[in-house]
Amino acid sequence: MTLLQREENIIRKGNIDKEFSEKIKAAGGDSLEYCFQCGTCTGSCPSGRRTPYRVRQIIRKANVGLKDEIISDPTLWMCTTCYSCQERCPRKVKIVDVVKLARNEAAKAGFMAPAHKAVGSFVIKTGHGVPINDATMELRKAVGLGELPPTTHQFPEALEEVQKIIKATGFDQLIGYNWETGELE
């Protein structure tokens, strides 16, 4: 059996989600049709050098409408949104917009990397994706800054506002945050 004859390499009409393709195009991904699969995006990707993440495959699947294959793929979360792929794309495809939209769809469908959920939990608890620690406070003092930045760390009352927004948008439910335990479910 050749590579092309493998069952997993066959695109079936039933797997194509035209609504997903249209949603991507409506969100600025209409440039997707210009992609001719040159591979510049994948070759430019710093994450792709160290992981199985291949942005070119995601773009191809998005163009075809293979929503389920994209949103269930754990490598979707390996993109750092550095824009290296998009800046180098000879066809000016809005690659990062496509990745972000695909991640939103993945999250809605229950596919989200545990590390991303953990960052979301930190935002709920502290207002920051990366909470301040003792070492950072010492560094801030050493360069003449206050120990705490002028954010929710310095103004804890602002955290309540952040948490209201999180509840109003349903972000807490999206990541499975339990307000009683303060942990992810």
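Glycine is treated like the rest: Cβ placed from N, Cα and C.
According to Swiss-Prot, the feature [4Fe-4S] cluster 1 binding site maps to C35, C38, C41, C89. The Cβ neighbour count for C35 ([4Fe-4S] cluster 1 binding site), using a 10 Å radius and every protein chain shown, is 21.
All protein chains included, C85 ([4Fe-4S] cluster 2 binding site) registers 25 other Cβ atoms within 10 Å of its own Cβ. DSSP assigns C85 ([4Fe-4S] cluster 2 binding site) to a helical segment in the three-state reduction. Taken from Swiss-Prot, the feature [4Fe-4S] cluster 2 binding site covers C45, C79, C82, C85, and the record attributes it to sequence analysis.
When averaged over the domain '4Fe-4S ferredoxin-type 1' (25-55), pLDDT in the model lands at 88. Swiss-Prot lists 25-55 with the feature domain '4Fe-4S ferredoxin-type 1', giving sequence analysis as the kind of evidence.
Sequence-remote contacts of a segment are chain residues at least 6 beyond its ends whose Cβ falls under 8 Å from one of its Cβ atoms, and for the domain '4Fe-4S ferredoxin-type 2' (68-99) they are 15, 17, 24, 27-29, 31-32, 34-36, 38, 40-42, 44-48, 51-55, 58-59, 61-62, 105-106, 109, 111-113, 115-116. Residues or ranges marked as domain '4Fe-4S ferredoxin-type 2' by Swiss-Prot on the basis of sequence analysis: 68-99.
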Cβ atoms near C82 ([4Fe-4S] cluster 2 binding site) (within 10 Å, other residues, all chains): 13
C38, C41, C45, C89 as binding-site residues, winner by CB count within 10 A: C41
Secondary-structure category, per DSSP, in which C79 ([4Fe-4S] cluster 2 binding site) falls: coil
